[in-house]
Amino acid sequence: MRYNNYDNSGSSFLTRVVKKSDMEKTLLLNREIDDWKSNDKKKAYKERGRVYASCSFIEVSFSQIRAVDVEKKIENAEQLRDLTRNIVKNKTSSLNEITPSKNRVTSACNSERRTTSQEANNLEGYHSCAQGTSRSASITKKYSKKTTSRPKREKRQTILPNGEIKECSKCKDTWTIQWRSGPDQNRELCSPCGLAYGKRLKKENEKKRQAADKRIDRNNP
């Protein structure tokens, strides 16, 4: 279906092209339709606002139809087209993610087997197919690792039994991925502060251990 925009000076501002089967056969027999007559094929597309006959199509004037209805139909058709394209695109991308190289490996193996006519060529074809299969297995394994990985956690707030929102004892932040234990061993620190405290505590314990080892070495020469 084709739509054309005409200026206001013409007798019609919208036209469409439809098939003969969609209209009555009498439309092509110079019969009057809404005060318009079908023109000769040579004069087709030279005048506006009339019914034209050309090959297997006829052009019908929209001068008797409200523009609001026409625009609404066009808008609905465009929305349906975009929705269909998105569905097909998402389906194709999901299939490509599951088996990204299966089609390429299969086509390569088949083409090599068709062109081989001697035993040496057959051996080369099988060798290339084996390489392609191993490459496909490695790629599939790589994609499977991505799909089975744990999703990223989001920050959240915790409401205490008394109705107050829990906050970090160090930075006073209320949003965190998880609560971690600090000096009080009561999970009073947010995730960043808890990780920093753990690293600092680990360094302090390492220094204490090294100092204790030095004292032991001095006492036992």
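Note that Cβ sites are derived from N, Cα and C of the backbone, with glycine treated the same way.
Feature annotation from Swiss-Prot assigns region 'Disordered' to 101-121 (among others).
Residues or ranges marked as compositional bias 'Polar residues' in Swiss-Prot: 101-110.
Among the features that Swiss-Prot reports, region 'Disordered' is placed at 137-161 (among others).
Annotation source Swiss-Prot lists compositional bias 'Basic residues' at 142-155.
Across the zinc finger (168-193), mean pLDDT in this model comes to 90. Residues or ranges marked as zinc finger by Swiss-Prot: 168-193.
Annotation comment: Swiss-Prot describes 201-221 (among others) as region 'Disordered'. Remote same-chain partners of the region 'Disordered' (201-221), defined as residues 6 or more beyond its termini with a Cβ less than 8 Å from a stretch Cβ, are none.
The compositional bias 'Basic and acidic residues' annotation in Swiss-Prot covers 203-221.
Counting residues 6+ beyond its ends, the zinc finger (168-193) has Cβ neighbours under 8 Å at 153-158 in the same chain.
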